[in-house]
Amino acid sequence: MTQTWNLLQTGQKEGYKIAYTNARIIDPETKLDIKGSLLTEGDKIVDFGESLFSTSGVDETIDCKGLVLMPGLIDIHVHFREPGQEHKETIYTGSKSAAAGGVTTVVCQPNTIPAIDSVVLAKYLKYRALETSHVNVEFYAKITTLEEKLTEMALLKEAGAVGFTDDGMPVMNPMIMRQALLYSSMLGVPIAQHAEDLNLSAGGAINEGKISEELGVKGILSASESVMVNRDILLMKDMENVHYHILHVSSKDSLDAIKRAKDLGLNVTCEVTPHHFTLTEDIVKQHGAIAKMNPPLRTEEDRLAMVEGLKTGVIDCIATDHAPHDRSSKDLPLENAAFGIVGLETMLPLSLELYHSGQMGLLDVLAKLTYKPADIIHIPRGRIQKNLAADLILVDLNHEWEIKTDNFASKSKNSPFDGRKVKGHVVRTVVSGKTIYSQKS
């Protein structure tokens, strides 16, 4: 297998026309699923449909050979470790990993070293992305400073922040959280909470339950998440124009609270990771610290609740929480090892398990990976529409392969999915009309 990458830079050159023919074109938002062709010019989609338009005057023709041509995936939760931990990941290597996984837009979390809590650092991140990324890079900025005061949220939004979070840590102070929610409502951006009450979880390594007891390891109480979710919903329920987003939800009790909030008409959204709807705490016995993440893998009841939440719409989207770590950070006892796993190159096939197993329809699964996350951060992507950005992927839905972490483009290889057999493979990734990743057998 030969893989080729190109930096995004300014995207496809102006006026350059590419015809994608013999494709199964899927757009989850409009429920489009047709055999046809699609035309891009420069960085935009200009035409698509069932009729085979003439390819005369086209600069390049790509025969899709009946494969699925769909919007690029959008992952609103990644850690690219730049600045500060470039030995684990960089924007360059992280975006290579994204491209190989069919992810055309990522949202970087701000818990870098130093954290993205100032306009200077926000501009640095955007500059590095323009210089070294293969895909579109958006970012959250921090809610609080090191002094536990609110950041300059209006200025950070002006500098490009699509929302605010202290991900990696929760906003523990309820007054600070209330102020953040109020300010964000004026700015029209979400507050994204890492929902964890540290008073209930501090010092824990894995889910508190039968496995933590068996291994003699301090656990993280499931209620540490749901207590924080309930607190924040109470704080925002009487505010106008506020958007509260829960990162990497993992417990059934949290979903119950989110459903109640949605039923009341509150603007509450949430995401789930593939590992939380495919794995349980039981695999910690097999994989040890490689299966350590925060929030931790929980029970089968919680896992099934995640699947049900995706099916019913209580869970709005799928996001990876791509958290790269070098080997020395993971080759430690459970209590001392770093939290997190990589996920960009496994998000699509793991999500497609919901389709291949008959639990969800194809368009419903793909919606959680495309326009639904785009809507949470208010960007016009994740769709096939005329005059929108030509962010596209070509996917072989039925290609069977085995996940091998040694083949990941990410600088880090920390994944408990090594050796898992999956279906669904990205053949080509296009961003702003430019092929930035392709794979040939």
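Backbone N, Cα and C atoms are what each Cβ position is placed from, and that goes for glycine too.
What Swiss-Prot records for the substrate site is H79, F80, R81, N294, H325, F339, G340, and among N111, N387 the residue it adds there is N111. Site annotation for Zn(2+) 2 in Swiss-Prot covers H194, H248, and the matching candidate from D167, D232, D263 is D167. D321 is the residue from D316, D321, D326 that Swiss-Prot records in the Zn(2+) 1 site together with H77, H79, D167. When the CA atoms are compared, the recorded positions lying within 10 A of H77 (Zn(2+) 1 binding site) are H248, D321, out of the candidates N111, H248, D321, F339. Using Cα positions, the member of the recorded positions D167, H194, H248, D321 nearest to F80 (substrate binding site) is identified as D321. Put simply, D167 (Zn(2+) 1 binding site) is 7 Å from N111 (substrate binding site) when counted between their Cα atoms. Closest in space to H325 (substrate binding site), of the binding-site residues given as H79, D167, H194, H248, is H79, taking the CA atom of each residue.
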